[in-house]
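Before any comments, here is the structure.
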Amino acid sequence: MSRIDDLPPLRDVITTHDLRARKALGQNFLLDLNLTSRIARIAGDLSNTDVIEVGPGPGGLTRGLLAEGARRVLAIEKDHRCMPALAQIAGAYPGRLTVIEGDALEIDPLAHLTPPIAICANLPYNVGTELLIRWLTPKEWPPFWSTLTLMFQKEVAERITAQPGSKAYGRLAILAQWRTDARIALSLPPEAFTPPPKVSSAVVHLTALPEPRFPADPKILERIVAKAFNQRRKMLRAALKGTAPDLEDRLLAAGIQPTERAEQVSIEQFCALARMFEQG
Ligand code: SAM
């Protein structure tokens with residue numbers, strides 16, 4: 001293994017600190033530092049950027065981010081056992097790594113950071129999806145972060161980046177692509193992780209757009225999209241029944257045939273439809 005820093009190899013770190021992976025914490029570690037550097041590079045030039053890393057574990061990705069030049073890394077980790085390994089990394093990069101022990105779902109890291117801010121994480125998938133939805137639905141746009149570089153189960157990555165007309169297209173694709181550029185940057189087989197998970201993974205890179213791609217009230221858009229995809233096999237005139245007495249006129253005015261199904265409707269059309277509901 002090539003050395004990206006003067007720290008011990010991750011396998012030794014895991015043995016020294018007895019960091020056997022715990023299933024309950026969704027621990028599937030990345031031990032190849034070439035790979036973690038590669039993931040850090042997907043996040044882009046970080047030399048002027050503070051990075052929030054969620055779930056650093058033994059610190060493979062943390063080391064990648066620091067070696068690739070991140071200005072600062074703020075890492076939030078729930079597992080107390082990882083603290084000595086992370087402290088060792090902080091010692092090797094003086095003043096550049098801060099570790100917070102706690103639950104990323106409960107911690108607001110913003111007080112510690114200076115924009116621009118990037119978020120990078122290899123998280124358990126359930127926590128990752130919940131955080132992604134939070135990061136995509138802030139009170140104001142643009143959000144506090146400029147990019148997200150996140151590892152997901154491949155199937156979730158495909159749902160985030162899906163295009164209309166595909167099975168994977170739905171709420172998550174619309175939520176993500178309405179206000180970001182989202183792409184799958186890297187696919188990884190289960191063997192890239194220790195222990196290997198059951199399914200393949202992918203790194204998704206999302207860049208926040210300065211403003212939404214098409215105007216719409218976020219709450220109205222979310223409500224319509226949720227209802228439309230709740231019964232994704234039904235025609236929209238049925239799936240959206242009860243939302244307005246003149247529903248079919250509103251659909252047509254938004255450029256949507258009432259007989260179309262949600263998965264055929266573009267983000268632009270959903271936004272046009274949301275605007276039809278803005279006056280009540
Ligand atoms: N980033 C490391 C890597 O790539 O090798 C570890 C990845 S492992 C998939 C997920 C990490 O997230 C674990 O270290 C786990 O303890 C941590 N974690 C799980 N739930 C968390 C939460 N709610 N808040 C913060 N960290 C969490």
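Positions of Cβ are set from backbone N, Cα and C atoms, glycine also.
Not measured: the values here are computed from a predicted model.
Just one of E77, E155, E158, E191 is listed by TrEMBL for the same S-adenosyl-L-methionine site as N28, L30, G55, D103, N122, and that one is E77.
Listed binding-site residues: N28, N122; maximum Cβ neighbour count within 10 Å falls on N122. G55 (S-adenosyl-L-methionine binding site) is surrounded by 23 other CB atoms, counting those within 10 A of its CB over all protein chains shown.
Other C-beta atoms found within 10 angstroms of the C-beta of D103 (S-adenosyl-L-methionine binding site) number 12, with every protein chain shown included.
The sparsest Cβ neighbourhood within 10 Å, among the listed binding-site residues (L30, E77), is found at L30.
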